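This report concerns only the one structure given below.
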Protein chains: 4
Amino acid sequence: MNGENFGASERLVDAAYVRQGAQGRRAHELRLRALLEQGKCPEDGWNESTIELFLHELAIMDSNNFLGNCGVGEREGRVASGLVARRHYRLIHGIGRSGDISAVQPKAAGSSLLNKLTNCIVLDIIKQSGVRTATSCFVVPMATGMSLTLCFLTLRHKRPKAKYIIWPRIDKKSCFKSMITAGFEPVVIENSLEGDELRTDLKAVEAKIQELGADNVLCLHSTTSCFAPRVPDRLEELAVICANHDIPHIVNNAYGVQSSKCMHLIQQGARLGRIDAFVQSLDKNFMVPVGGAVIAGFNDSFIQKISKMYPGRASASPSLDVLITLLSLGANGYRHLLKERKEMFSYLSTELKKLADVYNERLLDTPHNPISLAVSLEKLDERSNTAVTQLGSMLFTRQVSGARVVPLGSLQNVNNYTFKGFMSHANDYPCAYLNAAAAIGMGKQDVDLFLKRLDKCLKTFRKEKTQEKDVPETENFTMDSEIGKENGN
Amino acid sequence: MNGENFGASERLVDAAYVRQGAQGRRAHELRLRALLEQGKCPEDGWNESTIELFLHELAIMDSNNFLGNCGVGEREGRVASGLVARRHYRLIHGIGRSGDISAVQPKAAGSSLLNKLTNCIVLDIIKQSGVRTATSCFVVPMATGMSLTLCFLTLRHKRPKAKYIIWPRIDKKSCFKSMITAGFEPVVIENSLEGDELRTDLKAVEAKIQELGADNVLCLHSTTSCFAPRVPDRLEELAVICANHDIPHIVNNAYGVQSSKCMHLIQQGARLGRIDAFVQSLDKNFMVPVGGAVIAGFNDSFIQKISKMYPGRASASPSLDVLITLLSLGANGYRHLLKERKEMFSYLSTELKKLADVYNERLLDTPHNPISLAVSLEKLDERSNTAVTQLGSMLFTRQVSGARVVPLGSLQNVNNYTFKGFMSHANDYPCAYLNAAAAIGMGKQDVDLFLKRLDKCLKTFRKEKTQEKDVPETENFTMDSEIGKENGN
Amino acid sequence: MNGENFGASERLVDAAYVRQGAQGRRAHELRLRALLEQGKCPEDGWNESTIELFLHELAIMDSNNFLGNCGVGEREGRVASGLVARRHYRLIHGIGRSGDISAVQPKAAGSSLLNKLTNCIVLDIIKQSGVRTATSCFVVPMATGMSLTLCFLTLRHKRPKAKYIIWPRIDKKSCFKSMITAGFEPVVIENSLEGDELRTDLKAVEAKIQELGADNVLCLHSTTSCFAPRVPDRLEELAVICANHDIPHIVNNAYGVQSSKCMHLIQQGARLGRIDAFVQSLDKNFMVPVGGAVIAGFNDSFIQKISKMYPGRASASPSLDVLITLLSLGANGYRHLLKERKEMFSYLSTELKKLADVYNERLLDTPHNPISLAVSLEKLDERSNTAVTQLGSMLFTRQVSGARVVPLGSLQNVNNYTFKGFMSHANDYPCAYLNAAAAIGMGKQDVDLFLKRLDKCLKTFRKEKTQEKDVPETENFTMDSEIGKENGN
Amino acid sequence: MNGENFGASERLVDAAYVRQGAQGRRAHELRLRALLEQGKCPEDGWNESTIELFLHELAIMDSNNFLGNCGVGEREGRVASGLVARRHYRLIHGIGRSGDISAVQPKAAGSSLLNKLTNCIVLDIIKQSGVRTATSCFVVPMATGMSLTLCFLTLRHKRPKAKYIIWPRIDKKSCFKSMITAGFEPVVIENSLEGDELRTDLKAVEAKIQELGADNVLCLHSTTSCFAPRVPDRLEELAVICANHDIPHIVNNAYGVQSSKCMHLIQQGARLGRIDAFVQSLDKNFMVPVGGAVIAGFNDSFIQKISKMYPGRASASPSLDVLITLLSLGANGYRHLLKERKEMFSYLSTELKKLADVYNERLLDTPHNPISLAVSLEKLDERSNTAVTQLGSMLFTRQVSGARVVPLGSLQNVNNYTFKGFMSHANDYPCAYLNAAAAIGMGKQDVDLFLKRLDKCLKTFRKEKTQEKDVPETENFTMDSEIGKENGN
């Protein structure tokens, strides 16, 4: 409703009331304006009404929603199913253009605005979450792994000679694959055991660079967020090494935005040394559906180069999800979620420790890991060589999701590379263990239910010991042992 | 409602009516069953009610929707915004697993089913549309260009020595970039002019392979759907050349599923020679939002290899869109759309010819191109050197989208490669021209409006000629000349 | 997005594209303006996008959606459930005020506009459908029967002495009850049999008025739409009688808007005699969910008096439904539906006749009924005294809805009044019969399926006759015999 | 998905995961079953997913959603607009049948279930809220006032001689009109002033009954919830009077469900004397959109008689809203809302008192009113004879909704009856005042904002006093003075 329409309304409804209605509209418009002008996440969240109005406004700026449009191209944003059109708020043209995923589309001013604004808001949140000097980022509708691949592919053009990527080991297939897919040879640096923790072996990194020759190294590929007892890589030192050897440095910060520690490491790394880009998952940090990542960095032109590597237009769906989410939370709401996560981590940690004591197990001491915890399963493992895997299956069938049991000595071949002790980030970690994490959005109820169910499962084993012949809930064990092990992978 | 619940309902409502209600439910279930058992696109489309019921059923099979779930992992399908949860029908876990985009997720049986079914249905439609011997395909939430990149990256592991990709020229940035991004050197084969048509220069292809050595060639990268006057590549002959030289062959079939000619070419190519994979856009063929592609082929193990190259989980959004769309259309509905498109192409062709005659221009004779048409702009071009671009701007401001004017002699640098005559697929095409296409979903109204507006624009120029000093609607010409040219790119 | 916001958008997206987006918005606004200024149903239907934008705009004019509102009353439009808020587009305040259902609410300018516009548009459609001189109407969220009650209650204040309502018999409970509920004594005028048709006995009406004395008669309550073989009342003559005796005349036009004949009768009645109000169902005429009626008339002040009789605010839901529906159809679309209905009536009529012939039954000759048809069931009735009811059950279980079998000699007591031959509108109609109607929205598929199933059912009986002992599908007959008879009531 | 479908799914996805999905489904079904079997509001609220699944299940039990249905009646649940169908979850047939709003529809088992369940759940909540011995209730899609009318119309058939309704005065138009519309003569009993409170004058009631003769009195019409300084009627004593004189007793409990005091009064009245029915608004008690009421009582057969008075089918929309709302809140959630309301009332009361003191006004002492408060405006009124109304306008333009200023000496004619001191429930209340209420769903923010704005408005007047000539914000005063006064009516 514009001024003329409000005027016309006064024929039907008293002018005083219409005027107040117009004033009501104005308040929504002012919110939009602040967003458009500042390009920042609003401090307070918007309600659904404002968000939907906003999306509607964006949609009618796209040519497929023009009342008088005629389309004679091969891609006109036509949609066959009303269900589909509605769930995308009729924003059909995706993001980007043939040659640049961050580019503006002439046919779709609204979708283009959405894309730009999303990138602005996400950058704002990244800065507020600790990487204050980040200058540029963009949302890409691909997995974190595939986004890392895109970074590596971009670097290839800068370093045509390079074949290797130096990579402190982390046992997650997609991390390893991101390098393989890009066509490089990962050079695995085994972690060093310090107390219970697995930490970056800086000397090995340095030695490897020298051995291979800096020019032959495409980049260093480090990791922040990971399962305990591995802890975030020593980013500061690694960044300095990269700076010294003039080697690019790409950080896998998969679910690190939610942790001030991980973000601080990146900020420090960039300040003291070199970080070219850091990549994070949308779903793991912003509570949206799986499907997108953010590639961020400190140098506009390099980040732009990456965005220009994506050939073709892309799905706007992940951008839309994160835009809606951040607008509805507001910066305030997001901070609140981060604070709650921290508290939940501390609660989970305390309670897990108590439970571990009961069963003569140990909460592993991993103070550098701000998200994931590990409890030893030594006693359980001693019982039988399948007990650990059985525990995994039992938790799965009891609707505990995300808990991960790690038995000793798993071998795993990934793209012709054999990992010993797979899942434990080390060839010979001293004991089997169970992982649990306190990730963003977790509630106290999750922790309590988990502990109760875990307790019950462990009790079954203890009972089993006494009565030897009682096999606990055998039916569950027929399940694919994969479930037990990889549940959280 | 299961049997017990229907039983309980009889306490409140007469048993005879409840029984009929249960019978009503049964009919929806039977549809689902047929789908699950046959894995084919239903012949008749489903109504929204059945589709939504189905999606709801899938959603409650995912752990994030379990009423008693507790999540202690780092990725639990938690969603902060209700708007976001609803628009994805609460299917949050995406598709695939860490190492394979086609893999099943333990946490998300419903999403996994969705993924599998979508791939089955899309394969069914590809077969029905003409590539009868295709054996495997998967939907990937990436642009066609990026999907081509993924194919090339997969081939690298099979042909580590290869550096070149042979590519009959097509002037679309993302096609070229797909090879650059993958880290290969595109070897451009200029098209040969046959009548008005630009066709594959088979001899040049053959010669280039010999020159480079087959082992150094990663693959041949051919194209079906393209803007006239370029026509689909001679796939049959190219496939034979590939077979002879043992060179992989990847086909860019971007918007070719909608054309029986393009599909026939692929089928013939595969029958007579070698095609390893063909890639098509979801949005351009299935009337869904931008964002996904289908990678299909004739060899399960190769297609699976590609799907295993995608590192990480991916967005289910494009899969969901195409699933909803094909279920709502049914195979019948899709065939009907294809038939309509053919009719519209023929109508557009006839009418454009008439209009061209009026202005002493010519509908270029491009019988091998089943989707795109071109009208010469020779007379217009003679008028002034900006007239062609001006026409583009005028069409844009009149809400004609997708029409593309192609002036003579554009130079364009793409990733350090300079294209002469860019947009025309040839260094020196004889005349400037205008493109219009009849793509799936186009209506008669689109054609009529387009012709009316084009007529009006051309008239303006004619008038201008007579009255020399009258500049027609100058304000439009202040627009970025980019718009005029690249409108449809 | 207002001008300022579009301006701000140009910082992010090229001005030329934003300008075109603004132009796109403008087209929607112009539609709204035409509606607000003319208060007529738009000629062409609006798409969902414009409709939702419009509803969104209305909603933010209501105080419950003001961003800065504080509510300290007992009714503030607060909604506990998001599902509920969304399904009402956040229009929560209903329609009307404490003393008048058509009044404007200070708290809810948007809802008030909605209410006014709906009434305008519905009036426009009523006029276009044939009652050209109607001057006033309002939508009321009550059944047709309850709306008639409201009319009678309003008349009470004008005619305090009156106790009787003269009512040409129509066998539908709610019609009779509408008078009982209002506290009046219905005076039933039996219909006269003319050929197969049951028509108004004008002499009996005249005689009854004289017998009771005009002053003791509250009004005449006539009916247009009804089941064959009853036909619409002779409205012209009745209206003249009313005028002559100075008796109010209320017409039950339940599903008559869809028939030009019914509407013509009302127009003629009002022209030649007296009609005070005519009442129609929303769901039966406008394809919306059950729940509303329209009270219309030729005298503003009387119609307004009725609207002031409704004590309290009322549900906006039926108004919203009819508004959305008429905006999406447009006047064009509605006319098209009426045209299709007429064709379907003629098709149903022809086909039923053929089928009747096969079974030696007769399509009753009821040329004055434009919607409903009747087929005799004489032969069937001769077979056994339950055969007719059995046929009803059989049709019901075969998912034929709305078909109504009418056996001979049913007795029915409604509020202490006993109707002989209930359902047949006459004490002794000559034969049992089956009703089928061609109502708005019916498709050819409905007719074909119905005829096929009816044929099958009738065949069963014929077979049964020959093989005496074969009871056809007995289980169905265990159903409540009510179903068979009242299926369509 | 039934068992067979889960089985078929195992072809595509591992059986173990499918089994867990089936188990996930089972949990939702168990919730449904508990509801169907117990007919009670679930203790804990359901999430949206379960609610939508439930509604979807209901919808596919209705014949309009049968895949093989053919409809040949005049009312087949066809819907022209997809928007409309969706917002009603495709439940189109409304509730009730031609002769009874609580009856089951053969065509619509799902809608019928919905209707029955809603009535069960609402009854459960009414009992839990304090009227433990209520035995029967039904939701009716009409305003509280119109529902009262329906009760009166029902009583007419029991007491054909009666003409009068005894009514302790409450100044709300719809209350008065409910009797007028039903065709009765309201006999207004003025309230007696006790301290600041206006309370029922029991003696006057008793005297009036004797004067008119009990047989001539249709019923006593009392009120619980009302604006201070009127307080709920003395229900216990009135119920005893009714019992003694054998006079029916209808209670207007408009927004009383939210107050344990009001509910207690009804429970006590029914226990000690006679209450035939009590009527409450849906929107005011259950935070749903305006449009429905609940008629409840202690005698099944009388309540059923009322439901049989509604001629025709009715909108299911209000039933659907309250069903969704109560399922999503759960009994727990509803109790929590009631508790919060009580706290908010006490907070509002304390803070208003403080503010009143500042301006030398008084929070009127009305301990018997549990919802509404009144602050004297004596000082303000002394200033000028329009100041009180001006305050109302000022609050309105500042987006304070629901606050009500009551000047002295308003005269209002309602249906030929003149009320002196209208809005104050008394001919000569001692002072002008302002009302504010703490109704269900009010938040602390509402109270704080209200007090801040009220303070600011009152300050303006004080300033005005000092500077005599400064008229504060004159523009607002041009508003319809109606707004000031009736804002909350």
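From the backbone N, Cα and C atoms, a Cβ is placed for every residue, glycine too.
According to TrEMBL, the pyridoxal 5'-phosphate binding site annotation covers C:Arg75. All protein chains considered, the CB of C:Arg75 (pyridoxal 5'-phosphate binding site) has 24 other CB atoms within 10 Å.
Here TrEMBL flags C:Arg97, C:Ser98, C:Gln105, C:Arg313 as substrate binding site. All chains included, 28 other C-beta atoms sit within 10 angstroms of the C-beta of C:Arg313 (substrate binding site).
What TrEMBL records for C:Arg271, C:Arg398, C:Lys463 is tRNA binding site. In the structure as shown, the Cβ atom of C:Arg398 (tRNA binding site) sits within 10 Å of 21 other Cβ atoms.
Counting every protein chain shown, 26 other Cβ atoms lie within 10 Å of the Cβ of C:Lys284 (N6-(pyridoxal phosphate)lysine). What TrEMBL lists as N6-(pyridoxal phosphate)lysine is C:Lys284.
The region 'Disordered' feature in TrEMBL is assigned to C:465-489.
A count of other CB atoms within 10 A of each Cβ picks out C:Arg97 as the most crowded of the binding-site residues C:Arg97, C:Arg271, C:Lys463. Of C:Arg75, C:Arg271, C:Lys284, C:Lys463, listed as recorded positions, those near chain D by the criterion of a Cβ under 8 Å from one of its Cβ atoms are C:Arg75, C:Lys284. The two recorded residues, C:Arg313 (substrate binding site) and C:Lys463 (tRNA binding site), have Cα atoms 59 Å apart. DSSP assigns C:Arg398 (tRNA binding site) to coil in the three-state reduction, placing it in neither a helix nor a strand. In this record, tRNA is bound by C:Arg271, C:Arg398, C:Lys463; the longest C-alpha to C-alpha distance in that set is 55 Å.
DSSP classifies C:Arg271 (tRNA binding site) as helix under the three-state reduction. For the substrate site, whose annotated binding residues are C:Arg97, C:Ser98, C:Gln105, C:Arg313, the maximal Cα to Cα separation is 10 Å. DSSP assigns C:Arg97 (substrate binding site) to a strand segment in the three-state reduction. Distance noted between the C-alpha atoms of C:Lys463 (tRNA binding site) and C:Arg75 (pyridoxal 5'-phosphate binding site) is 65 Å. DSSP gives C:Lys284 (N6-(pyridoxal phosphate)lysine) a helix state. For the pair C:Arg97 (substrate binding site) and C:Lys284 (N6-(pyridoxal phosphate)lysine), the Cα-Cα distance reads 27 Å.
Annotation note: C:Lys463 (tRNA binding site) sits in a helical segment as assigned by DSSP.
Other C-beta atoms found within 10 angstroms of the C-beta of C:Ser98 (substrate binding site) number 20, with every protein chain shown included.
C:Gln105 (substrate binding site) has a Cβ environment of 22 other Cβ atoms inside 10 Å. Counting in whole angstrom, C:Ser98 (substrate binding site) lies 48 from C:Arg398 (tRNA binding site) by their C-alpha atoms.
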